[in-house]
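Working notes for the structure below.
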Amino acid sequence: MLDIKLIRKAPEECEIRLRKKDPNISLLPILDLDKEVRRLKTDSESLQSQRKLLSTQIHKAKAQGEDASNMISEVERISQDLEKLEASLEEKNATLQDLLVRLPNYPEEDVPVCPDKSGNQVIKSVGALPTFSFTPKHHVELNQKLQILDFKLPAKTSGSGWPAYKNQGVMLEWALLTYLLNKQREHGFQLWLPPLLVKREILFGSGQIPKFDGQYYCVEDGDQSLYLIPTAEVVLNGFHSQEIFNEKDLPIYYAACTPCFRREAGAAGANERGLVRVHQFNKVEMFAFTTPEQADQAYEKMLAVVEDILTELKLPYRLSLLSTGDMSFTASKTIDAEVWLPGQQSYYEVSSISQCTDFQSRRSETRYKDSQGKMHFIHTLNGSGLATPRLFVAILENNQQKDGSVVIPEVLRPYLGNQEVLLPQE
């Protein structure tokens, strides 16, 4: 959520910045409503002051045995006017807040301006793309012999986009998740296994709604609806909603391992079948609470974790600075880490590291007190560390052998009883 005071102070500048994300944004309706709301508040305060003064005079008149009927009638009239005014104020303020919460975060100055992902800028590439003496297979084709995934049986129970891991695939997935959590711990992150269901206001606080309302799985729990998390970012941000930190306790780094649930798996082409786009997947998520001055260092820390992991897994990857049209609603800046998938002959995102400034904390009312006792909204950052489906695919496709076997990355072998190769089962 944006600061209305800044919008009032520099409306043209704010609108220019916001239009980098959405060229259709106009702040005029917000500014007009804001003026009306402030006028109504002033009128309300004036009427309340008049009523209070008259009430004092009525009390004195009665104490002195004087007639106060005219003043009593005036108080009744003011009360009726005040009731109507406050109803109008409540309605207009609700409309104003609804418009405000639909505005995205401002992009940083160094973010490329483009309406779509074609404007993303590759800022770093690491590792040579693998060469094969044979035609490399898509992971779905590799699976025909490896038998580590199943797409048909879960389609019977849950529909398309809900794959199941089996046999050696289960062990590889858990090895990967355990390895990822250990890396987070090495880098100083507090580990969490948080709830998978959250209240609606927690989704609001992280910026998922109202803009993306209807895109999340909902569970009815009596009179309350709970939502399956699309990412652990939601619940980690929500842990400290309406709380006040002391500056000396910041920064705070969290990492959570959870399944993630998304209704839109995306339109999958022929190459994007299998694990590339799914409704449920496992992910280790990083999250940080910082002061504005600590945010850049936290951003570099998260990026370093991701690069450390991809380097140890010996996967070719690149970092892309996302354009304004490809960034998330909440982010002011995002760098994607993308791994090379030979089966798709393309790079695919496995991590997004985002700065969110005070956008989420204003919605969640998360603040900190500085050494002088002054209150500030906290800054938040998040990043995947990492999402496993495409990482799983990258391991299979980049390390495949001619006979259909897959060489297990060395760093994962200790979690698999020092097993070196996934062997075909046929």
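Backbone N, Cα and C define each Cβ position, glycine as well.
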Co-listed L-serine-binding residue [Swiss-Prot; alongside Thr231, Ala232, Glu233, Ser384] among Glu173, Glu186, Glu285, Glu338: Glu285
8 Å Cβ shell about Thr231, Ala232, Glu233, Glu285, Ser384 centroid, L-serine site members excluded: Val234, Leu236, Ala256, Thr258, Cys260, Lys283, Val284, Met286, Phe287, Asn382, Gly383
Among Glu264, Glu285, Glu349, the most crowded of the binding-site residues [Cβ within 10 Å]: Glu285
Per DSSP, three-state class assigned to Ser352 (ATP binding site): strand
Euclidean distance between Cα atoms of Glu285 (L-serine binding site) and Arg262 (ATP binding site), Å: 15
Cα proximity to Arg263 (ATP binding site), best match among binding-site residues Thr231, Ala232, Glu233, Glu285, Ser384: Thr231
Conformational class of Glu233 (L-serine binding site) under the three-state DSSP mapping: helix
Cα-nearest neighbour of Glu264 (ATP binding site) within the listed binding-site residues, Thr231, Ala232, Glu233, Glu285: Thr231
